[in-house]
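Chemist: Per TrEMBL, domain 'ABC transmembrane type-1' is recorded for A:32-231. The transmembrane segment annotation in TrEMBL covers A:36-55, A:67-89, A:109-126, A:160-180, A:208-231.
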Amino acid sequence: MEPLLELLGLAKSAELLSLSPPGWGGNLLRGLVNSLQIAFGAFGFGLVIGLFGAYGKLYGGVVIRDLLAIYTTVIRAVPELVLILILYYVGTDLVNKIAQAFGYGRVEISGVFAGIWVLGIVQGAYSTEVLRGAIQAIPQGQIEAARAFGMPSLMLMRRVTIPAMMSFAVPGLANLWLIATKDTALLAIVGFSELTLETRQAAASTRAYFTFFLAAGALYMMVTLFSGAAFNRIEKWARRGQPSLRGKN
Amino acid sequence: MKLTKLLAAGLAASILGTGAVSAEEVKIGIAAEPYPPFASLDASGSWVGWEVEVIGAICAAAKLDCVITPVAWDGIIPSLTGQQIDAIMASMSITEERMKTIDFSNPYYNTPAVIVADKSMDIEPTPASLAGKIVGIQASTIHQAYAQEHFSESEIRVYQTQDEANQDLFAGRVDAIQADSIAMADFVASDAGACCEIKGPVENDVSILGRGVGAGVRKGDDALREALNGGIAAILADGTHAEITSRYFSASIYSE
Amino acid sequence: MGTSWSAFAQGEKLMFDLRDLMKPHRIVLMLIFAAIVVWCAYTLRWDWIPTYAPLAIEGLWRTIWILIVTTVLGFFLAIPLGLAQAIGPWYLAAPAKVFCTIIRGTPLLLQIWLLYYGLGSLFPQIPWIRSSELWPYLRQAWPYAVLALTLSYAGYEGEVMRGAFSGVNKGQLEAANAFGMPRLTMFRRIWLPQAIRNVLPTLGGETILQLKATPLVATITVVEIYSVSSRVRADTFIVYEPLLLLAVFYMMIAGVITLLFRRFEQQVPGRATGK
């Protein structure tokens, strides 16, 4: 009796998860694409903030350093959920007020952009710390040598600092990417239709809470495992030509 | 540098690309969480339900170019005041408390609030009968305000969506829920609601429960409010409202 | 005194030396900050605070209670998880690894919903659970919240403990072995204390991460400080003020956690000066 029931139960789940309606698989996949899009954008936006933040913390003036310290401390102490709510409402409000001040009328902010902006600010704080550590790990002589040859500072950043710090930054950045993918779930609270909200809608409509939450978990898990493999390759690539660091640590 | 420029262009495109709003487009905010039979998402990803159809009819009658925009129910009023949407049509009751922040159109439906509980439970829709019981309600609704005001002897449990409250009634984790009578009639008729029955309407309190469901608009947005009022009057007059209602419900859900 | 100041300076700039604060630019920054606070106090609406203060204190207490219970339980669960992965036979190491990978690979929000709504939808189909003694507890939301947060903390900390157990100097274990110390005593007296000492610096950070995870349980009806701010928003339609105050609360709790772990670390012998 038991296996038969299990088989029947699974058959029902498969029907619920099938890709074309009446199955909800298509919705979940659409949500996954949205989630990945936001995670990717937020990660990139965070990296840009992080790069400037790290430079500011290392080479900036006293005021910039203090402001950046406040930024990273606040972001790392306040729950993402609270930050998302504040940034979501404040951000969209602010953009509209600015647009109106310039006489553009209302600017509509797409959900994807709002999500990227909100998560990007959060990611930026962590990126700042990761990149700062990575830049500090570069042997100082390399940067001094480039300076001695009169390399302009932007070129120095592009040709020396960024390539040299890559191998130190990749593990931390891999972690940040995983945090970004998982934090997109929090956007469900502000009603953005990413994977978790799509799952919640599907679960509520069909009452198959267990099936859909497990399915979504499996999708997130796949993203995690796939990213892990990808970042391993990136790390190998970033370390090319370097002696193995394993022995040292 | 190229990268920065590219990013800046990308950012601008993602704000403005989707952003160049035509003057007539009206964004109608509905709750992103399903609220059957009024508005819910089907498996193909489109919104269906009584309210969705009524929105379409009102907009057609008022000659408005409406776009349905799902927003988190819990933040739907801030979304309106923050200009992410232009109107709320998400089964939102017209109450004095909300009128302090936003304006409302005329009502387009009204239904009483009821208490639903397990069939085997001997529960009356009164504060005395619910004392010591666990009552589930959806956050930011008139039912939350009502339960907090009148059921002070009960444990109030606040859910983000009506469906989750229903789910916990089914799971036996709450003793009763207070919600809209139509949504509950739909629920008790479903498989999951077979456990339960409507125990009756709660005693009316107009100051909290309001006078029906209307479309919420920003304060001072009289043009849109008048346009929506015109649309609502038109579909009530020409029978469209009654026609849509008859396809979903057995009785009228509108009274003067 | 001297060591404590240097410990602060080493930290992540959460604490400033008093003399550092007196630099001119910092005084200007503080004045600007004070101006912002005063501006907030006068232009924003705070009249709701007296009404909701009792509720907020209750919520604050609940948040702290959940935080303490789940980190303590999670830490005890993390020890076997770390141990199994570090030295366990494959049939213990593999499940522990799978558990940690799944917990770390999926969003906590989803885990909480899976436990509460997923399991919750299964219970009614099993009649004996509803008639059992446990049912009054299973009806509440907090057991699910505590379970989800405990498992989450255990998953993250288990991974950290694995590294900590592997990091203990093998020579000491061999020495203990050579003295004929029983294995359990060796674990209790040498291995575990050193592993815990190794993870102490990360423990504070992990606990702050756990603090930041607590508001998620508001989505399954647990009344804690975050849900109180939602309640204020729902009742009064005031959006920013409760959220700002909430952020301040969380920063204060995070500050207290940081200080506590600093003191804790200094009391552990042999670690006071750091690396």
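Every residue, even glycine, has its Cβ placed from backbone N, Cα and C.
Each of the listed features needs to be described in terms of its position in the shown structure.
Modeler: Through the fold, the transmembrane segment (A:36-55) approaches residues 68, 71-72, 112, 115-132, 134-135, 157, 173, 176-177, 180-181, 183-184, 187, 192, 194, 223 of its own chain, all at least 6 residues removed from its boundaries and within a Cβ separation under 8 Å.
Proximity of distant same-chain residues to the transmembrane segment (A:67-89), defined by a Cβ-Cβ separation under 8 Å and at least 6 residues beyond the stretch ends, is recorded for 53, 56-57, 60, 114, 117-119, 121-122, 124-126, 128-129, 183, 186-187, 189-190.
Same-chain residues lying 6 or more positions outside the transmembrane segment (A:160-180) and placing a CB less than 8 Å from one of its CB atoms are 39-40, 42-43, 46-47, 119, 123, 126-127, 130-131, 133-135, 137-139, 142-143, 146, 151, 224, 227-228, 231, 234-235, 238-239, 242, 245.
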Chemist: What residues elsewhere in the chain lie close to the transmembrane segment (A:109-126), defined as a C-beta under 8 angstroms and at least 6 residues from its ends?
Modeler: 34, 37-39, 41-50, 53, 71-72, 74-76, 80, 83-84, 87-88, 91-92, 95, 176, 179-180, 183-184, 187, 190, 192-194
